[in-house]
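All remarks here apply to the structure that follows.
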Amino acid sequence: MQYNLGRICAFEADNTGDKPMPFYIKPYFSGMKPFFSALILFTTLHTSAQTYWQQHVATKIDVRLDDEAHFLHAREEFVYTNNSPDTLRNLYIHVWPNAYKNDHTPFAQQQDRNGNTSFYYSPNKDKGYIDSLDFTVDGKNVDHYIAENTPDIARIDLAYPLLPGKSIKVATPFLVKIPKVFSRLGHTDQAYFISQWFPKPAVYDQKGWHPISYLDQGEFFSEFGSYDVTITLPKNYVVMATGNCMDEKENTWMDGLSKLPVSDSANDNTPTSSTELKTIHFHEDNVHDFAWFADKRWIVRKDSVKSPGTEHLVYTWAAYLPSYKKIWADATTYLGETVKHYGKWVGPYPYNTIKAVLGDMHAGGGMEYPTVTIIDKTAALNFRTVVIHEAGHNWFYGMLGSNERDHPWMDEGMNTFYEKKTTEALTPDTGILSKLSKLNEELLYYQLAASHTDQTIDQTASKFTKLNYGLDVYYKTWLMLRVLEQYMGEADFEKGMKNYYNNWHYKHPYPENFRDCMQQSTTKNLDWFFPGMLFTDKKIDFTIINARRENDKTTVKLRNNSSVLSPVLINAFSNDSLVCKKWTAPFTGTTTIDLPVTEWDKLKIDHFFPDAKSANDIYTKGGLSHRFHLGIRGFFGVNTDEKYKLFVAPAVAYNQYNGVMGGLVIHNLTMPENRLRFILTPLYSGATNSFTGAGSMGYMWYPKRAFQEILLQADAKSFHYNESYAGLTDRAYTRYIKLEVGPSFTLKEKDPLSDATKMLSVKGYSIWEDQFAGASAGIEKINVKQHLYGVVRYEHFNERTYNPFSYTSEVQVGADFAKVTLEGKARVDYNTRKKSLYVRAFLGKFFAINGDPAVTSRYQLNSSYSATNDYLYDGTYIGRNATGNVAAQQVSIQEGGFKVPVFGRVSRSDNYMATINLETDLPLGKLPIRIFADAGLIPNIKATIANNSSTTFLYEAGLSVHLIKDVVYIYLPIVMSGDFQNYLHDTYGNRNAFKHGISFTMMFQNINWLRSPTSLLKKLVN
């Protein structure tokens, strides 16, 4: 949780003795808003004009590890120097281990929102906290306050004001219960990952106080200073920590470990802790944090590298488990390459050590701390990249100490830029997994952009969705900085970054400081980039309209399809060799540019440019089209080059009437997705000697205001659905043809973090049905009848992590009837992971417009919904008019939602219907078996089947087997209403009643193929 305290705190700290957090402001402040507003504005303007200053914190900690109970016993003191022009009357102290205290902390809430359930379901013994705090200031006891909703932020009220230029010494004992690893701080058995573990002052700068709760998604902001830490623990632990080890004996032991050979038989078994303790002393200056890691099993390796441009020798250390020896063999080399390349392009590495350790992390592939980084075990697939990235954080935000929480792109995005620049400078990683990883990043980001769900990069970390934090903060920033580097030129860009480093290392830069450093390093105006292009969430898209050769030049006309002011780089190729490249000036609308060449066969917008539509980035000489280039591929693929992709694959289908059908799937569904999208499946049936098939086509709009998206979609399909052969020369089949057209509107949510999706759709159906009209001379006569229907549907989905729900209201209208229905679904989660109760409720009302029951019966409400009820032909059924075979036992969970495949009047209502459907998971591990129970009030039409009563209350219960989630299920009813029993016995006989009571679903209608790229992206993330 982020408190917006900046400006009011800048005022209060200098002028009042009242407490600056909003929930501490005294009531007499109300009514004084105009006075405060003017004074706050004056203070803000005055502060921004002042010379830069920052606070200094010198911290000393003595800590002892209890590796049996998993506690830290510690005492801390820090000297806090007020270098600000303000008088301070209180301090904010982060006590971040309390993030793991219970299920209601900001950390826990974010975990829930992001779908991470391990912390919520963990027992209390696995959680953690900090307590035994007893603060003194200059030896005098002071009170501290912790708000209930932010237990990881404390406030100390000073006994006397801290004047500008003065210092105080704050001290406290503290006790930390180390949690199991849920995020960063934690332990796995007797492997310890100790970070964000001690009371730590929040940053106070020109923008005020910055107290921030611990979050998994969202990093940190801390004051620079010195750390002097002693760690006491059993003697056989290997410890890697921030800074320099000051104990000669420990250094000698570590050097010895680094030279030991690795045995082929080495294992990861944890040895017993030594009964003898040791105390290790670490020290470092000009850092803003201290972390340490301890394990008794680690292999240790050591190397060294010179910091570029200096004679400073940096020791590279790696510590890892024996089973990871092959993966980690080059770890110290990667650390050294980071020091070399970042040092060359940004600034020299000033510390004596840089370390990497293997550990358990649930907050990404690794996490950085000053001079030491932890790499998660799951980083094996792209190990080199992760090591370089995490070690690179020693520059961003290790030395360039920006506010990671409010401006995460300044550390994660900039660091990603140099991580990729470093890996590209090294021997290319040609492994298939590395290539897939790079492709994955590109695809996912451009899919976000194509679906208009990306976010602006300059906002606080907690406002990003889980997916956007990774792709926008990291990947999108890299794309944008790559554009800036190309536009400025590599030399000026490097000059700007070194300017940024030289002016702001060991300080707290903000975006405007970075902008100023880059602008000072070039003669080109960068106003189009800062803040325009860098911070926009608008889609950048350029098109080459035409090219005209004349004399010794080519005039190229371009269009900027967005409202983002931007230049673009045009490349001219001849036989795939680059012959010319040139930047346009920043522009919107259209512009022209002259290229000093005429011999070319292809013009192309440079590949590094983050263009949302790569297919219109090329212009070729000759051919049928200069700008349209079609690429035909098999099955499926991605759409990241200059060709429009068409995918073709074989298709096989089956139903009872057409038999086995063969054909093709032709589609353009890909990532990033196209606005115009389609999937066509033409098929041929040998049984009916006819063509069949299905298809969907749609176009997506992304309005700016009320709607997130609008999809205009048309669906068509045609198959045979009945057969007749009695007394006929040849078997006859009836066909249906369905055409469905209409828009669906997805409403825009104000909060991108909202779990809700709201959709309104309006559909028109035109359906042609062949109908048998009687046989004559061995030939069945067939008439064709057209039906028109209208459907309006509103859907609300709340896909929150726990207890998600949805509801749908729908109105259907035809020439002979009208129907109003309401369906609600909810998953009620048990206090056991992945075990839930599933509730579905249905309420429907039927209105007969045509008084003839023979006409309206097919439209009436049904307790068990089958193919005969699917007059809209939305479903996929094996046998739409099947009787007495397996195909006749197919149902859909619609309307009443009952599972027993009963048909006719026993399951229908021409009035109203109210049902409830329940399913529950069983404590059977991963076996997909549930118990289901259904009940409902279903006024039956007057019974015509023997022994059938007119009872309006029906029920059933049994077991269900879930083969494909939400699509393919099998139901075995065990108990049921007498009406259902009578129907089955009367229809199939006593011996076959149970068998024919079994049903199954194949609800492929739940898949909208035109939305499949977005749906797939959500599934990949979750």
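Backbone N, Cα and C atoms are what each Cβ position is placed from, and that goes for glycine too.
Here's what TrEMBL has on this protein:
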{"type": "DOMAIN", "residues": "347-530", "note": "domain 'Peptidase M1 membrane alanine aminopeptidase'"}
{"type": "BINDING", "residues": "His389, His393, Glu412", "note": "Zn(2+) binding site"}
{"type": "ACT_SITE", "residues": "Glu390", "note": "active site, proton acceptor"}
{"type": "ACT_SITE", "residues": "Tyr474", "note": "active site, proton donor"}
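For the Zn(2+) site, the Cβ centre of His389, His393, Glu412 serves as reference, and the other residues of the chain with Cβ at most 8 Å from it are Glu368, Glu390, Gly392, Phe396, Asp411, Asn415, Thr416, Glu419, Tyr474.
Taking all protein chains in view, 28 other C-beta atoms sit within 10 angstroms of the C-beta of Glu412 (Zn(2+) binding site).
Here Glu390 (active site, proton acceptor) comes close to Ala356, Gly365, Gly366, Met367, Glu368, Thr373, Ile374, Ile375: these same-chain residues lie at least six apart in sequence, with C-beta atoms under 8 angstroms from its C-beta.
Proximity note: of the listed binding-site residues (His389, His393, Glu412), Glu412 have a CA within 10 Å of the CA of Tyr474 (active site, proton donor), given in sequence order. The number of other Cβ atoms within 10 Å of the Cβ belonging to Tyr474 (active site, proton donor), over all protein chains shown, comes to 23. Other Cβ atoms within 10 Å of the Cβ of His393 (Zn(2+) binding site) number 26 in total over all chains. Close to His389 (Zn(2+) binding site) in the fold, though at least 6 residues off in sequence, lie Gly365, Gly366, Asn415, Thr416, Glu419, each with a CB less than 8 Å from its CB.
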